[in-house]
Amino acid sequence: MAGGITDTGELYSPYVGLVYMFNLIVGTGALTMPKAFVTAGWLVSLVLLMFLGFMSYMTTTFVVEAMAAANAQLRWKRMEKRKDDEDEDSSSGVSDSDVLLQDGYERAETRPILSVQRRGSANIFEITERVEMGQMASMFFNKVGVNLFYFCIIIYLYGDLAIYAAAVPVSLMQVTCSVTGNHSCSVGDGTKYNDTDKCWGPIRRIDAYRLYLAAFTLLLGPFTFFNVQKTKYLQIMTSLMRWIAFILMIILALIRISRGQAEGHPSMAQLSGIRNLFGVCVYSFMCQHSLPSLITPISKKKHVNKLVLLDYILILAFYSLLSFTAIYCFRNDTLMDMYTLSFTNCEIVSMAFIRYFLGLFPVFTISTNFPIIAVTLRNNWKTLFHREGGTYPWVVDRIVFPAITLIPPVLVAFCTHDLESLVGITGAYAGNGIQYLIPAFLAYCSRKDTQLVFGSGTVNKHLSPFRHTFWIVFVLIWGFSCFVFVTANIVLSESNI
């Protein structure tokens with residue numbers, strides 16, 4: 001079926017896939033990482049970043065393994081259906097060598113289907129069809145598990161939208177309020193501004209922020225009510241701007257450090273900052289929910305796990321370089337939640353064009369992603385409440401679902417523009433579920449399902465390097481422990497206040 005949910009799309013080489021994965025992972029989270037590094041201490045930050053990178057790589061291999069198992073299930077079901085059709089058309093009996101499964105199939109009473117692997121030229125576990133995480137959840141989880149999956153992905157997407165809805169108005173407020181009045185070019189000079197400080201005449205900074213938020217919502221919100229898709233040229237443009245911005249920030253920080261103008265003196269460890277750092281790191285390594293669309297079109301998947309490992313090593317090196325140059329270049333109290341805003345000071349960057357480009361960088365890149373994330377969230381809501389064979393009334397489909405998608409994140413952004421906390425909480429809770437718990441359960445359930453259907457001797461060619469059950473148990477314990485730790489930390493912090 002053209003345009004079906006399992007369409008692979010246009011194939012590309014493994015190295016193109018490596019670039020796509022790098023671009024997918026390195027996004028908004030990276031811009032909040034320097035601030036999280038300085039608040040948690042450089043040694044604690046480096047150790048936690050490396051450990052969470054390792055954990056994310058492990059769960060990525062779990063998702064790839066589950067994708068292969070799901071492909072095998074789909075391939076088997078088609079073979080089973082083809083066999084049933086042939087049986088209906090034929091009046092004669094079928095030889096034993098052609099039998100794939102006994103009549104009245106039940107999971108607990110299946111036998112190995114060795115003939116399935118012999119009959120096809122390609123390995124039955126080859127990843128040739130795009131099977132999204134929601135579809136894998138419906139294949140391997142029970143009804144409660146499927147609902148919990150959608151709940152987790154919806155909460156994560158809400159957090160994503162709230163971060164995007166706050167980041168754009170914050171950037172516009174910081175840039176436009178700093179070029180007026182008596183504090184021109186002083187966003188990153190260490191001056192602390194309150195939300196009640198004046199921006200333009202009687203307009204306060206918080207008023208300017210909310211005006212920009214309203215404009216952002218009016219301009220991009222309507223896209224939630226329609227279908228949009230990211231074009232190839234839009235991807236190229238946003239990726240190019242992102243890399244120009246990241247490279248510029250690293251070079252400018254290195255130049256300042258080499259000239260002896262570095263002002264940063266980060267501490268080794270501050271336990272109070274670990275909560276936000278954890279959430280930021282989880283958010284910054286997030287890619288598991290998009291792996292099916294990313295991995296499936298790769299033309300040669302023989303060494304896909306090694307390719308993913310190389311990507312994670314490169315990303316880890318990049319995050320370390322970006323964060324360490326930042327925390328040693330700028331004083332602790334001058335680092336902004338959105339790192340690009342630290343370069344809008346005239347003393348840091350003399351060229352006005354570069355200052356405005358970096359200051360407004362989130363506006364351009366995040367604005368292009370907001371409608372896509374919103375439509376994804378809206379469709380997940382529809383899928384969660386969808387009943388087989390049923391359709392939604394026009395008002396529910398075109399008004400209610402887009403409204404419940406758009407209103408909550410805008411309200412959150414209206415109440416707070418603390419980007420570090422928004423990223424931290426989103427990563428620590430919903431991100432924790434998507435990055436750790438769901439992949440671990442997918443790996444466990446898909447392995448169990450594969451043994452029932454294909455026999456205990458069948459080997460998934462994309463089996464994770466972390467194939468021992470210990471690793472699944474370890475990830476689950478770690479994920480649940482993180483929930484407890486973050487919640488306890490928030491409670492204790494609030495009680496101290």
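Easy rule for this one: first residue shown is 1, then count along the chain.
Even glycines carry a Cβ here, placed using N, Cα and C.
Marked as transmembrane segment by TrEMBL: 12-33 (among others).
Per TrEMBL, domain 'Amino acid transporter transmembrane' is recorded for 20-67 (among others). The DSSP breakdown of the domain 'Amino acid transporter transmembrane' (20-67), given as helix, strand and coil counts, is 45 helix, 0 strand, 3 coil.
Only residues 6 or more beyond the boundaries of the transmembrane segment (39-72), in the same chain, are considered here, and those with a CB under 8 A from a CB of the stretch are 124-129, 131, 133, 135-136, 139-140, 266-274, 276-278, 281-282, 285-288, 291-292, 295-296, 304-305, 308-309, 312, 315-316, 319-320, 323-324, 327, 420, 435-436, 439-440, 442-443, 446-447, 449-450, 453-454, 460-466, 471-472, 475, 478. The transmembrane segment annotation in TrEMBL covers 39-72 (among others).
What TrEMBL records for 134-466 (among others) is domain 'Amino acid transporter transmembrane'.
Taken from TrEMBL, the feature transmembrane segment covers 140-159 (among others).
If you look up TrEMBL, you'll see 209-228 (among others) marked as transmembrane segment.
With a cut-off of 8 Å between Cβ atoms, the residues of this chain six or more beyond the transmembrane segment (240-257) that come close are 23, 26-27, 30, 318, 321-322, 325-326, 328-330, 339-340, 343, 348-349, 354, 357-358, 361, 364-365. Residues or ranges marked as transmembrane segment in TrEMBL: 240-257 (among others).
The feature transmembrane segment is assigned by TrEMBL to 307-328 (among others).
The feature transmembrane segment is assigned by TrEMBL to 348-377 (among others).
Sequence annotations record features per position, and here TrEMBL assigns transmembrane segment to 470-492 (among others).
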Query = Honestly, do the transmembrane segment (307-328) and the transmembrane segment (140-159) touch, with at least three Cβ pairs under 8 Å and pairs 6 or more apart in sequence?
reply = no
